[in-house]
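Below is one structure; the comments refer to it alone.
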Amino acid sequence: MTQSEPPSLPLYSPARVRDLLTRHGLRPTKSLGQNFLIDGNILRAIAQAGGAAPGVPVLEVGPGLGVLTRELAARGAHVTALEKDERLRPVLAETLAGQDVQVVWGDALEFDYASLPAGTRVIANLPYYITGPLLARFMQAPGIISATVLVQKEVAGRLAARPGEDNYGFLSALAALYGTVQHVRDVPKGAFLPAPDVTSSVVRLDFDRARPAPEPAFLKFVEAALHHRRKTLRNNLRLAGFGGEAVGEALMAAGLRPDVRAEDVPLEDLRVLARRLGVLR
């Protein structure tokens, strides 16, 4: 600490965050989506909503300075923190000293999420630039039962969107296929240092592991169907390599208009189409 910053200040206070960055010669890296939380109420709300509790295995992606990490560990969770930025090694060695936290250094997009123990909960302030790919990996990892994450408000809206709504797309469909989405709260720009360009939201996704996992072939079909969500479903499927006549017959059999837009089609109807087109048996 500098002489001007009393040690009684919480780690998430702007003064402590600036002090850490200054002493370690660091500047937040925009390319890594580094915006550090400086609001204790929001930190506690994320940990609470995520279910951090004694003995619960928790994965945090992008611990940054260790602010949320400490809150999770303080609640007794067994925390694994996955960090890519090697510059933060001395920072986390300082801020997580004495904490029950395992820090894994590496790229979150290359981590083996299937290796996580059953009952794992993801609780994280996700790097915004890889939010979609990370959420898809969480959904498909059998050991992860929930993900409570801080994301761009626009992404939160897409996750909860239903067919027919303006922001419905493949990410919305994925979330519905694997479980449910709950909006926890919005987070203003001023809760971060540095402040991001957009408003954020905390959402919780619960994954129903008792439900059979979607077939890989069906996931690819849904992705192709929603690739250009405002175009007609017929055009999207033709672009994906399905014959126009076969698509027309499948749409008719499913009771769908030939000009129906992809974003308006429920997953149940897409499954019917997938069967009609030989994607599923």
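Including glycine, each Cβ sits where the backbone N, Cα and C put it.
Binding site for S-adenosyl-L-methionine per Swiss-Prot: ASN35, LEU37, GLY62, ASP107, ASN125, plus GLU83 from the candidate set GLU83, GLU86, GLU154.
Note on the binding-site residues GLU83, ASP107: the fewest other CB atoms within 10 A surround the CB of ASP107.
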